[in-house]
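K.L.:
In case it's useful when we look at the structure, here is the feature table from TrEMBL:
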- 14-33: region 'Disordered' (REGION)
- 19-28: compositional bias 'Polar residues' (COMPBIAS)
- 37-144: domain 'PH' (DOMAIN)
- 154-189: domain 'EF-hand' (DOMAIN)
- 190-225: domain 'EF-hand' (DOMAIN)
- Ser205: O-linked glycosylation site (CARBOHYD)
- His324: active site (ACT_SITE)
- His369: active site (ACT_SITE)
Amino acid sequence: MTNKPKLLLQAERVKRRSGSQAPSPSHKQTGDPDLQFLLDGGKLIKIRSSSWQKSRFYKLEEDCKTLWHESHKIFKRNQTFSIDDIDSVRKGRQSEGFLKHTDPSVEDRCFSIIFKGRKRNLDLMANQGHEAKQWVSGLEKIINNMHNLSRQQKSEHWIFNCMRKADKNEDNKMTLKELKHFLRQINVEVDETYAADLFKKCDKSNSGTLEGSEIKHFYDLLTHREEIDVIYGKYAQTEGQMSARDLLNFLLNEQREQVSMQDALKLIEKYELDGTAKEKKHMTKDGFLMYMHQEEGSILNPKHKHVYQDMSQPLNHYFISSSHNTYLMEDQLRGPSSTEAYIKALMKSCRCVELDCWDGPNGEPVIYHGYTLTSKVLFRDVIKAVKDYAFKTSDYPVILSLENHCSVDQQKLMAHHMIAILGDALLTKPLGDTLPGNFPSPEELKGKFLIKGKRLNKLDAIFNNNSTVDEDTVSEEDEAKSKIKLARELSDIVIYCKSVHFNGFEHAKDNQAFYEMSSFKESKAFSLAQNSATAYIHHNMDKLSRIYPAGSRTDSSNYNPVPMWNVGCQIVALNFQTPSKEMHLNQGRFLQNGLCGYILKPGFLRSFSSQFDPSTLTKGPWLQKKTCHIMVITAQQLPKINKDKHKSIVDPLVRVEIYGVPADNASKETHYIENNGFNPMWNENFQFDIQVPELAMLRFVVEDYDSTSQNDLIGQYCLPLTSVQNGKETPHSTQLRRQSFTSSHNRVISSEEILRTFIELWVW
């Protein structure tokens, strides 16, 4: 393997000798032929179109976190991107670009790098099939390895990498100038005096440079966690260390976990680094810090990371993760339509996607935003992509919401494509042998596709053997006056999601079957939620409702989904392609229950005896008043926002927000810390009084303060309040949690966990 710079290795060796288990990715991969292949690099053909196919050299850099490639642009001769930016690697001609611009004969030579967010896919072709296979294998190993590193390992690897970059002349030493450059790399701005004092304190040899153990000393000073000292010192009552009994006391009294001595012993066995301490069944401060960086210290209840809710209730008793105009990658007027947009949404466990269908050339229906300049994608290709990716992250049913503008002939072809491609996974008749009186459950519909669209008749026609005409006229849109002819073949595969016009709650109650559902534009839905909340809630107890953004949102912005959830609307469709507060809330809502895309609604949104109104809050089972105490203490390793400005340092602040019923909505924020993104400390306490916790969302936002313009988002993390792990409730306990974000009764949680999650969700 290519040697790593000695400066980095010196720091890592000393760190490992001091007891830390933080090898970089390259250490774990030493001797791996696939990794060596990436480090050596090679020529690949970059595919952009049928005429733009150019050879470029690609290689993995020595940090094993960055991919370098040559560029022929005048001002950017060499370019890089981070492995962390990669969402997945796909072998073969699986992208739209490959399908359009290459021949099937090169299938085995092709692979695509799929990036997070809106960044364009990278389609690459190797000279030989075995080379493409090795690129894919190597990249997947690196990506998996990065995912499997502990947070502490990621943290240390990042710091060591910054040290390597600061060593400009690569002499394996650090001068005062390089030390200041390093501090700016890690987002810290210090004055000349402080930097000089820090350097002098570490330069034991008075040589004017730091090397070997001096670099280790500098690292220890930089990463010292005084706030962890306070927490650890309170409970380490046995020979200056935590015994298993001491650790159990911490878990019971601070974390309020339901654990036993056996659980404490397992944590020591899993995270303690010192062999002597482990033999004594003790946990040192290093072991405690290692434990605090793991999932056990997460604010999210670990039980909620798996499917834990009852999935046998009727389908309409669940909130369903839903996308609007799923085919769009960007705005609603000129942006590209792509199968990739469906893949990205489905891989985020979206369970209802929209297909805006129009007549296309050569008799083939297409999907695009009608009467705009958005590009078009074949209906057939979308169905293939949906089939391939629908159940990779969740087994629960996917609803295909058809907005049908096609002629009868092309509708017949739409039905043919869905039946032929989706096969037995497509639901073409009700479950059971008799006319159903209610929805089946997500559990019963696992692995199934449901079609939402117009239907020529009611479901009882299936069981009564009633014949129907081959086609008839129906309204084109749920709230439009225009009409369209509907083909019987397409009508027949609409089973549990028949689209009908909404004519009022009383009319729906008296005339609509349970499977007849309406779509509401956001203005109509918000008006109903404001003026007829209880009636809307009762409507959603036996029927489905779909909400979609206003047509005026041409920039693909979103409405606030929370008021729609408050009245029990299930299919609250948002523009998934737009990173925004609204999408953060949506991702937070569906973070629990194993990210399966279905969340069981609270009981008071499912019981017909309920008189719940989110605005008035009369007495009822929904009122479960809680006081949420949050102490914002510190953050670690916040990213730079303006990476183009070398000396740019963030001025971070933290805002804590509650979203739920109107009485619970609140927001409080810390002061900003000037010029410190590495380890800012706030130590500020907030209190929130919550009336309806089952509908409340907790959101942390970190911003870069700007006195002259809008603050820049650094990161965010959102989750349901009911998914927050409890912590100690006594007032004095907040004084012990100076290192970590603490939330909901002051549970100690890892700040790296929160803030790294912030960063991941923001990039998404």
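Each residue, glycine too, has its Cβ placed from N, Cα and C.
Note that TrEMBL annotation is computational and uncurated.
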K.L.:
What are the sequence-distant neighbours of the residue listed as 'O-linked glycosylation site', meaning same chain, six or more residues apart, C-beta distance under 8 angstroms?
P.N.:
Glu214
K.L.:
Around His324 (active site), how many other C-beta atoms are within 10 angstroms of its C-beta?
P.N.:
27
K.L.:
Enumerate same-chain residues with a sequence separation of six or more from His369 (active site) and a Cβ-Cβ distance below 8 A; give 'none' if the list is empty.
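P.N.:
Same-chain residues close to His369 (active site) (Cβ under 8 Å, separated by 6 or more) are Asn325, Tyr327, Leu328, Gln332, Leu333, Ser337, Asp356.
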K.L.:
Over the domain 'EF-hand' (154-189), what does the predicted model average in pLDDT?
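P.N.:
For the domain 'EF-hand' (154-189), the model's average pLDDT rounds to 76.
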K.L.:
Count up the helix, strand and coil residues in the domain 'PH' (37-144) according to DSSP, in that order.
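P.N.:
DSSP classes over the domain 'PH' (37-144) add up to 35 helix, 40 strand, 33 coil.
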